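Straight from TrEMBL, here's the annotation block:
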BINDING   Leu12, Ser13, Gly14, Lys24, Asp68, Asp97  GTP binding site
BINDING   Asp97  Mg(2+) binding site
DOMAIN    9-159  domain 'MobA-like NTP transferase'
Amino acid sequence: MLEDKKVFGIVLSGGKSSRMGTEKGLVTWNNKALIEYAIAAISPFCDQVIISSNKDCYSYLKLPVVKDIIPDCGPLGGVYSVMKKHVADIYIVVSCDVPYIKSELYSDLLSNLDYKDAVVPVDESGRKQPLTAVYGKSSLLYLENELLDGNYKMMSLLNLLEVEYYEINNNLPYYSPNLFLNANSLEDLFNH
């Protein structure tokens, strides 16, 4: 399915990191910056990985960095900005602060995209994970409309898209209860 498709990865690192107290993606955990775990999880599938950030601190990664076209719109604005500036068929989205995320998850999501607008994992508690998902280029128009309407919630976007929800359970070989752990603070990171 991916042979004839252009696939770009979007690493979201545009948050304020207020709870972390420092730039979240640069926090070191097990001798690696958090953002590097995210990049490693998606890069096997991507023609290009792009960082969505309004800061200039990621130049050492030698990857393109895209600033928000429309400021203060959260992750929706970050995804939109990358899609608008870098045209691809498929976009793999990951937050910079999910150190337990696995490439195998993205392999499964990509294999379920088919003709849908997106494939979004649903964790074992039933929570949708739109910031750890795969989106087709067909999502761009919906993203743009949501931004123009002043609606910046990823969950609202999902209601407009044709989405394949992918259930995560402990039968998957890469399963971990921390798979989607979002490290918002140093305590989150070091207590798991």
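Placement of Cβ uses the backbone N, Cα and C atoms for every residue, glycine included.
Tell me about the setting of these features in this model.
According to DSSP, Leu12 (GTP binding site) sits within a strand segment. All chains included, 26 other C-beta atoms sit within 10 angstroms of the C-beta of Leu12 (GTP binding site).
Asp97 (GTP binding site) carries neither a helix nor a strand DSSP state and counts as coil. If you draw a 10 Å sphere around the CB of Asp97 (GTP binding site), it holds 26 other CB atoms from the protein chains shown.
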DSSP secondary structure for Asp68 (GTP binding site), reduced to helix/strand/coil, please.
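Its secondary structure by DSSP: coil.
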Average the per-residue pLDDT over the domain 'MobA-like NTP transferase' (9-159) and send me the rounded value.
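Taking every residue of the domain 'MobA-like NTP transferase' (9-159) together, the mean pLDDT is 93.
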Would you please pick out, from the binding-site residues Ser13, Gly14, Lys24, Asp68, the one with the fewest other Cβ atoms within 10 Å of its Cβ?
Asp68
